Amino acid sequence: MLVGDWMSTDVATATEDVSMIKAGRIMRERKIRRLPVVDKDGKLVGIVSERDLKAASPSSATSLDMYEMTYLLSELKVKAIMTKDPVRIRRTDTVERAALIMRDRKFGSLPVVDEADKVVGIITDTDIFRLFVSITGIDQGGIQIGLRLGVAEGSLKPVLDELRRFEARIVSILSSYDRGGPGQRDVSIRIQGLPETRERELRAELEKTGHVLYWTRD
């Protein structure tokens, strides 16, 4: 799953000489929290966030009057408050890598650049949620089976054999290594195509293995 297939291409940007007031207006109108800053060639040179704007704004205790504050903010350019050389990602990188960076750095989005470092898009937490919904198949409904299995080769085969025997259609299979103990993994399988009687029979067969964590119908 590549960033280029899931990123938002309608990305708002600002140049270095844009005023702080205009940058804030762009962010409000587009409902975004981070605004990529580009040079005249469209290359990424910085990023300005809501936090940057708030930090640069006069405090409520300032002695400046309204007109002085307006003038000050209109003169302050984003190049003075932006984060220079920000973290970026390429459209040929995986979405998983983007998500890992965003989780570790607590970012809500990452600018996406091409080989010339020009901004071509942005990947946001909303885009990643959209991908998650797609790969899980939750929008197709069905039955989700949670299993705790070993990590050895072939540990999933008996389960797949049972699903095949019952002619269940597999929508998705996902694995997680965070909650099980050493040598274990949690596997989530979404299936469709079973009437209730066959579902009960399949559940009974799988529960005999002792691997079933949960069984739910969406």
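Glycine too: its Cβ is placed from the backbone N, Cα and C atoms.
In TrEMBL, annotation is done automatically, which means it is predicted and not curated.
Features of the protein shown, as given by TrEMBL:
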type	residues	note
DOMAIN	7-63	domain 'CBS'
DOMAIN	82-140	domain 'CBS'
Tell me the residue counts in helix, strand and coil for the domain 'CBS' (7-63), as DSSP assigns them. 18 helix, 16 strand, 23 coil
In the domain 'CBS' (82-140), averaged pLDDT is 96
